[in-house]
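Okay, so here's the structure we're looking at.
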Amino acid sequence: MDRLFRGIMNYRGTDRLYMLEQFARVRDHPVPKAVFFTCMDSRMIPTRFTKTNVGDMFVVRNAGNIIPHAHHFRDEITTNEPAALELGCIVNDIRHIIVCGHSDCKAMNLLYKLRDEEFSSKDNRRISPLRSWLCNHAYSSLEKFQELEISGYKDPLIFQSETPLRKFVAYIDHENRFSTEDKLSQINCLQQLANIASYGFLKRRLEKYELHIHALWFDIYTGDIFYFSRQNKRFVEINEDTVDKLSLEPKVREALACQELDWEMTRRGSEAQGQGHTRLRISHIRLTHGSGQTTRRCLAWREWLLSVYTPWPLIGSELAWDPA
């Protein structure tokens with residue numbers, strides 16, 4: 001506690017006035033941009049590695065960055081996580097939900113051990129709230145991991161996306177950079193996206209792409225942060241080469257959801273670079289559904305796609321952006 005008290009005194013002398021200014025700016029009209037779920041691990045400081053300020057995010061932390069599936073709750077029984085989703089996305093109209101896992105997660109290390117029946121027995125769960133929490137709410141992640149294990153860590157996994165009819169494919173650590181438990185941690189991170197989509201009060205916004213769900217993964221050994229790219233079908237390191245393309249992905253998904261696009265891939269030469277490159281061209285766009293508000297948003301995305309979008313660069317021998 002002495003260190004805590006000394007830290008508070010340091011804050012009073014250095015950061016307090018600056019934070020009060022920030023509080024004053026957002027006090028009456030806060031506009032948070034995301035609900036951020038992450039682990040309670042003391043090494044995870046999301047506001048620091050995202051460089052976000054007061055009022056930018058709602059941050060929810062627990063053991064293993066887990067959001068329980070809606071089927072666990074009946075009547076008035078619930079937990080903090082769905083309440084946070086409602087407060088953020090319904091009451092405050094936040095449009096982005098982020099789940100951030102990390103390497104060397106102690107909760108995931110324990111979940112990996114729960115494959116042992118004796119270790120996960122009811123008697124052991126009765127005396128361990130942590131084991132009970134993981135067995136009740138993270139076992140689906142363990143089942144997905146076992147699918148990966150059977151394939152020799154090579155085959156892709158299929159996860160539910162924003163609605164039961166939408167799926168996405170994920171290759172987990174295809175380069176085999178991380179430990180077995182870290183692979184489980186990445187799977188667990190993606191499984192939470194399906195859990196989030198299970199809540200009925202989010203259904204309408206998810207179906208209309210008014211709400212987006214994302215997965216981040218933090219490597220505590222290197223400080224690198226990875227974003228799950230649905231186009232790339234894997235976690236991609238966020239760096240100078242990828243950040244612009246990754247930031248466009250949610251916009252592309254919304255544009256594609258709003259419109260039926262007739263894509264035409266053309267190759268044109270670049271005299272400046274002396275080599276050809278692939279460019280995505282939209283030959284025509286037809287609106288397929290939506291209210292006036294949705295139509296206006298679709299038209300805005302059409303203009304954006306026509307003026308801004310260029311495809312992903314080649315990564316290795318693969319075309320990272322797959323319009324199909």
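Cβ atoms are placed via backbone N, Cα and C, with glycine included.
Annotations in TrEMBL come from automatic prediction, not curation.
Over in TrEMBL, the protein carries these features:
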type    : residues                     : note
BINDING : Cys39, Asp41, His102, Cys105 : Zn(2+) binding site
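Same-chain neighbours of the Zn(2+) site beyond Cys39, Asp41, His102, Cys105, judged by a C-beta within 8 angstroms of the site's C-beta center, are, in sequence order, Thr38, Met40, Arg43, Met44, Gly64, Asn65, Gly101, Ser103, Asp104, Lys106, Ala107, Met108, Ser185, Phe218, Ile220.
Counting only same-chain residues at least 6 apart in sequence, those with a Cβ under 8 Å from the Cβ of Cys39 (Zn(2+) binding site) are Arg61, Asn62, Ala63, Gly64, Asn65, Cys100, Gly101, His102, Cys105, Ala107.
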